[in-house]
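Participant: Straight out of TrEMBL:
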- A:20-40: transmembrane segment (TRANSMEM)
- A:46-65: transmembrane segment (TRANSMEM)
- A:72-91: transmembrane segment (TRANSMEM)
- A:135-160: transmembrane segment (TRANSMEM)
- A:167-185: transmembrane segment (TRANSMEM)
- A:191-224: transmembrane segment (TRANSMEM)
Amino acid sequence: MTSSRRKSAYLSGLYDGSPFILVIVPFATLFGVLATEAGLNVLEALAFSVVVIAGAAQFTALQLMVEDAPTVIVLISALAVNLRMAMYSASLTPYIGAAPLWQRAICAYVTVDQSYVVGITKFERAPEMTVPQRVAYFIGAVTPVVPLWYAFTFVGALIGTRVPESWALDFAIPICFLAMIAPMFRTAAHVVAALVAVVVALLAAGVPYSLGLIVAGVAGMMAGAQTELWLERRGAAA
Amino acid sequence: MSDIDSATLWIVIVGLGVGSFALRFIFIGLVGDRAMPAWLLRHLRYTAVAILPALVAPQVIWPAATDGAFDIPRAAAAAVAFGVGLVTKNVILAIAGGAITLYGLLYLLG
């Protein structure tokens, strides 16, 4: 019984994560191609994707290394791009923090933008899920993403030629995220959080090392939390 | 070809790997099932709706592919993907709408 429910949670995560196949394949290929152009061999490009498993941070590190930036700056910048992963980790903790440590370690390794957005959407909508079901669902959601991330980094490193810019693949990721964010706007507080985050992100676009993103994210979260409190107080008074 | 020094490369790969895992593990792994304060949970509820739009907004307004120049096909595709998502709550339809808008306008205006 339990294992069959866990299996169906895994399959439903797999289904919900599958649209990202369209994004991950070109994105991973592009990383492999650019890594090769920067002078990495196939093994090094693949190791980069397996060990780091974070697209934007990998592109940042690669770019800075090509520009001969000091190693410390490369590390700090790429980790700053990944700071949002700590926020994802915190946000997932109430849902899967009770799982065994080894499962939490695996979940941590596969926490990326895609698995986070799919996972958190489901967990918020289905509070009745058990912790094992949530873990199974989360692993399901990332199954179409992570192996393809490795495989197509490898393919890209083998091809080593540029993907035509006319394919406009740069925009696959924004479209996918916008499509997934939209159904999350359930209360006025969610809308306020997003609006504040967007405005601050645009104002802070010039802040170095992607720290503007973190500032914008925190500002949005504070705005959402304050709106929620305000709505609660008004509801209590009425 | 600007060859990156192999030692530097591996320091970056391993350093980034360890650092990225630490960022992802810090709460899930170390906090575990200990209760977190209500004010923190209240903020964390808005992580997704704050961070993801903040990640996307600059790419919509200043796309890297056009060297930061505002681009009508990309902006329209973003608006359609978001709009269809809001109305239908269907992610696949929203992605399809955004993709059709992007390629349609790139073809018409290109």
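The backbone N, Cα and C atoms fix where each Cβ goes, and this holds for glycine too.
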Participant: Under an 8 Å Cβ to Cβ limit, what residues of the same chain, 6 or more beyond the ends of the transmembrane segment (A:191-224), are close to it?
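Facilitator: Those are 56, 60, 76-77, 80-81, 83-84, 87, 181, 185, in sequence order.
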Participant: Near the transmembrane segment (A:72-91), which same-chain residues lie under 8 Å Cβ to Cβ, leaving out any that are not at least 6 residues past its ends?
Facilitator: 52, 54, 56-58, 60-61, 64-65, 108, 111-113, 116, 120, 209-211, 213-214, 217
